[in-house]
Amino acid sequence: MRTIQGAHGSGIFSMNGCEEGFATGGRDGCVRLWDLNFKPITVIDLRETDQGYKGLSVRSVCWRGDHILVGTQDSEIFEVVVHDRNKPFLIMQGHCEGELWALAVHPTKPLAMTGSDDRSVRIWSLIDHALIARCNMEEPIRCAAVSTDGIHLALGMKDGSFTVLRVRDMTEVVHVKDRKEAIHELKYSPDGAHLAVGSNENTVDIYGVVQRYKKVGECIGSRSFITHMDWSTDSKNLQTNDGSGRRLFYRMPSGKEVTNREELKLVQWASWTCVLGPEVNGIWPKYSDINDINSVDANFNNQVLVTADDYGLVKLMRYPCIRKGAKFKKYLGHSAHITNARWSHDYQWVITIGGADHSVFQWKFIPERKSSKEALHIAPQETLADSNSEESDSDQSDVPEMDSEIEQETQLTYRRQVYKEDLPQLKEQCREKHRATAMKKRERAPGNGIKLHFIHGYRGYDCRSNLFYTQTGEIVYHVAAVGVVYNRQQNTQRFYMGHDDDILCLAIHPLKDYVATGQVGRDSSVHIWDTETLKPMSVLKGFHQLGVCALDFSADGKRLASVGLDDNHTIVLWDWRKGEKLSAMRGSKDKIFVIKINPYLPDKLITAGVKHMKFWHKVGGGLIGRKGNMGKTETMMCAVYGWSEEMVFSGTCTGDICIWRDMFLMKTVKAHDGPVFSMHALEKGFVTGGKDGIVALWDDTFERCLKTYAIKRAVLAPGSKGLLLEDNPSIRAISLGHGHILVGTKNGEILEVDKSGPITLLVQ
């Protein structure tokens with residue numbers, strides 16, 4: 001009927017009809033609007049807009065009213081408002097051209113880095129689902145790695161070179177070309193000192209990070225191209241996989257091959273991304289080829305691993321999976337040939353990338369929910385990859401019988417059949433059930449209300465060291481799901497009501513103006529709140545299961561350490577103001593009662609609990625822990641740092657004080673009859689409290705006991721609010737301030753001890 005010559009400068013790839021007329025899009029980067037008779041209305045040249053670039057090609061167009069949707073060859077979606085055509089809104093971006101292989105995650109932040117044959121490296125926010133930075137390189141990118149401190153991003157190129165960028169601004173740190181064939185794998189050591197670079201020339205080169213990426217070692221031994229690598233937690237060993245199916249080990253940083261497998265039995269691996277090894281035998285289906293599975297990443301916290309293969313399947317399996325053909329859950333979405341898969345730094349997300357489909361998939365990880373019965377009977381398997389496996393004590397004959405009070409407490413699980421998080425779902429089920437019968441109009445709720453005025457009680461029966469003076473001289477503690485700020489002069493209370501289930505622990509900021517409280521919950525939270533305004537400053541979630549049982553602030557107040565009630569009693573170190581997890585590690589199979597950050601070196605901390613005393617230090621995004629060096633395994637109930645960075649003091653279940661220098665036990669001092677439940681460090685000395693109902697003041701070496709106070713009815717001051725339930729109650733918390741000693745008991749009593757002798761009962 002009719003031909004419109006030169007409607008576009010080159011090929012017309014898309015056409016869309018609507019009530020107003022037609023929209024067309026072409027290789028020339030233009031969108032043209034036409035009326036119903038195909039007379040031109042306007043032209044929008046996307047190449048000339050704010051977001052435009054040379055070579056932009058329109059592949060899809062949709063026109064509705066004042067808005068036009070445009071899809072481009074480079075995986076972008078724009079929304080153009082006709083009257084503001086020079087400022088298209090970018091809805092979606094992605095990689096294009098060639099294959100997408102490079103993927104790395106930030107060690108402490110919810111960020112993923114990808115690099116492709118399209119020569120672009122991109123940083124994605126896992127929270128905002130947005131591209132936050134992009135940089136174009138000279139060569140196609142085949143692999144990526146982020147340094148353990150999150151400062152450097154290393155990119156392996158198809159031409160055999162690698163480039164290191166600064167993450168904050170994507171500027172180049174160094175460019176090195178020692179190989180001629182593609183770099184397929186990169187990994188930073190956990191201590192951040194070295195970068196291992198695996199190439200298709202069958203070698204791994206080791207570079208010193210501090211020496212501005214000078215080559216310091218070389219691993220020669222593979223018969224084929226390097227496919228995968230993992231460092232040991234101590235950065236002294238490296239394992240590699242190659243294209244011929246060989247698994248090799250090297251001593252770092254020299255690159256000398258380790259052939260004696262006995263040496264490797266005790267090696268703990270910082271990550272597991274290798275596709276070969278006994279721990280991952282089960283990932284291989286029957287009749288599979290050595291190159292069918294492209295990527296593996298183990299989640300040590302939840303003992304699962306994710307795999308990505310050439311069939312377009314993302315699979316979840318238990319870790320370790322020893323037997324070939326292990327059971328799995330599979331997830332579809334990618335086309336064939338998934339090239340990489342990684343867990344996010346906090347194990348909340350799995351990121352996968354498609355080699356041919358150029359897409360970046362973000363999956364939400366939903367942890368397994370075990371019933372309490374199952375949880376009691378499924379024993380975790382211990383493997384070489386367990387970076388914090390607990391050694392079983394072969395001879396328990398000299399371990400003292402556990403105190404009845406402690407034994408009773410260790411039996412508490414805080415597991416609920418129904419958690420508060422389940423309530424909305426349960427309420428909706430009830431509503432649906434009753435909708436059919438509830439035909440009559442519901443009455444309105446009353447206009448009256450009630451307001452919480454006073455709470456009698458303090459949680460001392462299963463908690464310790466949860467009672468403090470605030471900056472203004474008030475007393476802060478917790479009971480039920482409420483944080484209480486008590487004014488002892490006026491006998492009044494103010495309340496923090498942010499929690500929705502039992503609070504199990506409380507720690508106070510060094511400036512004594514904020515406190516942190518941790519609660520029970522399936523996805524349990526830590527709240528940091530202001531004792532004056534009673535407003536939350538930060539809420540930390542997403543990492544602890546069942547509950548939070550111990551907390552501690554660093555001396556500068558910037559960091560917070562927490563311990564969860566999951567089977568591994570996971571330890572997390574937070575930057576609480578940013579809400580970021582800095583490090584995490586499994587703590588112990590047995591219960592942990594206390595965690596303390598070193599006041600002199602905030603990268604070091606201690607944990608104490610049932611047959612447990614461990615000394616930790618932060619390495620990258622993890623923690624490395626070593627057991628206290630003592631003859632027999634004791635249960636520790638409390639611990640504090642002393643007058644120097646290496647001195648630690650802990651109270652045992654048998655009434656002794658253990659004095660440590662670093663991780664070595666120097667001596668023990670008998671302090672109480674029965675467990676020492678609480679300890680507080682002074683400028684020159686210590687104060688302790690035990691099950692025997694005695695408060696004891698000590699000198700700074702625990703050589704002399706300077707004074708003792710027995711908590712008895714006979715010595716209560718006239719201003720006391722009530723009577724003691726019993727003489728010598730078990731003391732669970734001790735704190736000092738404003739010329740007094742604050743004491744919390746197992747019976748739910750709070751007392752104030754004047755150093756001259758009188759004792760006032762404040763709360764019961």
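Backbone N, Cα and C define each Cβ position, glycine as well.
Residues annotated as repeat 'WD' in TrEMBL: 22-37, 102-126, 669-699. Taken from TrEMBL, the feature domain 'EML-like second beta-propeller' covers 100-364. Feature annotation from TrEMBL assigns region 'Disordered' to 380-407. The annotation compositional bias 'Acidic residues' is assigned in TrEMBL to 388-407. What TrEMBL records for 492-752 is domain 'EML-like first beta-propeller'.
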Inset, instruction - Take every residue in the domain 'EML-like second beta-propeller' (100-364), average their pLDDT values, and give the whole-number result. - result: 93
Legend entry - Chain residues outside the repeat 'WD' (22-37) and at least six past its termini with a C-beta under 8 angstroms from it: 7-16, 43-47, 52, 55-63, 68, 70, 80, 82
Legend entry - Counts by DSSP class (helix H/G/I, strand E/B, coil) across the repeat 'WD' (102-126): 0 helix, 16 strand, 9 coil
Inset, instruction - Mind checking which residues of the chain, 6+ beyond the ends of the repeat 'WD' (102-126), have their Cβ under 8 Å from one of its Cβ atoms? - result: 74, 93, 95-96, 132-150, 153, 155-156, 158, 165, 167, 170, 339-346, 348-349, 351, 353, 358, 360, 362, 575, 580-583, 620-621
Inset, instruction - State the non-local partners of the repeat 'WD' (669-699) in its own chain: residues 6+ outside its ends, Cβ under 8 Å from one of its Cβ atoms. - result: 403, 405-406, 464-465, 637-642, 649-657, 659, 705-712, 727-736, 741, 743, 753
